[in-house]
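Pulled from TrEMBL:
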{"type": "BINDING", "residues": "H11, L13, G38, E59, D87, N102", "note": "S-adenosyl-L-methionine binding site"}
{"type": "DOMAIN", "residues": "18-187", "note": "domain 'Ribosomal RNA adenine methylase transferase N-terminal'"}
Amino acid sequence: GILFDTGAGQHILKNPLVVNSIVEKAALRRTDVILEVGPGTGNLTVKMLEKVKKVIACEIDPRLVGELQKRVQGTHLANKLEIKVGDILKTDLPFFDACVANLPYKISSPFVFKLLLHRPFFRCAILMFQREFALRLVAKPGTKLYCRLSINTQLLARVDHLMKVGKNNFRPPPKVESSVVRIEPKNPPPPINFQEWDGLVRIAFVRKNKTLSAAFKSSAVEQLLDHNYRIHCSVHNTVMKKLKMLLIYWLCVSQGLLQNFLCLLSTTVEIPENFRIGEKIQTVLKNTGYSEKRARSMDIDDFIRLLHGFNSEGIHFS
């Protein structure tokens with residue numbers, strides 16, 4: 001008797017065969033705490049409650065919260081269900097071992113990155129997405145759907161497309177086809193500042209078919225990187241001065257053993273009056289060999305090398 005809000009992404013998974021397949025692919029354990037986002041009327045929730053220690057279901061619609069509570073009320077499953085009411089994007093994630101969910105599709109991208117940046121690490125996530133979004137997550141360099149979403153997700157996790165789900169498996173049917181994806185975070189994560197990484201990738205993929213030389217000639221990009229470069233030089237000089245004072249003290253104590261370090265730290269980064277950040281950017285691109293490369297064909301290793309090339313010259317993206 002509930003009228004579902006399709007504008008809010010309320011499409012209830014009704015096919016029990018698909019529900020069972022998702023639960024099976026999640027490889028749930030008796031000791032698991034599961035995070036579910038958008039449980040709806042609980043078709044997936046109940047199946048998981050039968051197999052795990054606890055399900056934490058996050059739902060924004062009070063009507064569906066009431067339906068879910070009524071479904072388990074008076075059963076042996078009631079004590080294993082915890083319901084959190086509210087917007088998952090505005091809420092700190094609880095501890096969980098795995099995330100299994102038929103997500104509202106409009107929150108797909110922000111939720112994926114909230115999940116991947118969450119600590120402590122979880123084992124895996126089995127998530128339902130709009131088909132095209134799912135294919136972007138797993139897209140490889142050189143393919144049509146390869147984009148910033150692809151490379152950012154694959155930097156932080158292993159992503160696998162598990163199965164397609166037709167629109168008739170939902171009530172009411174959505175206008176798009178769906179897919180189930182497995183996301184397994186890399187633990188430990190790559191030793192990269194993600195804000196720096198995302199800043200670089202964002203610039204490169206604004207026009208992914210352009211050469212990087214052309215992409216970095218944007219006046220907005222040059223203005224941003226010039227500002228960051230001047231801040232970096234200022235901070236570098238301040239740190240060097242403090243270190244030099246500290247080393248002078250230790251030099252007196254150690255009778256000259258730190259002379260070589262003092263010579264190194266006596267240098268400061270001076271910005272010439274005729275400095276042009278655009279010229280420096282193009283020099284980095286040329287020296288790293290990526291000037292004529294296009295983002296659409298570059299993989300994770302390529303962007304790591306490029307980021308290192310920029311950072312080593314004092315150019316930062318955050």
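Using N, Cα and C of the backbone, Cβ positions are placed for all residues, glycine too.
Unlike curated entries, TrEMBL annotations are predicted automatically.
Long-range C-beta contacts of L13 (S-adenosyl-L-methionine binding site), restricted to its own chain and to partners at least six residues apart, with a cutoff below 8 Å, comprise V19, G40, N43, L44, N102, M128, V165, N169, F170. Looking at H11, G38, E59, D87, the binding-site residues in this record, the fewest other C-beta atoms within 10 angstroms of the C-beta turn up around D87.
There are 27 other CB atoms within 10 A of the CB of N102 (S-adenosyl-L-methionine binding site), with all protein chains counted.
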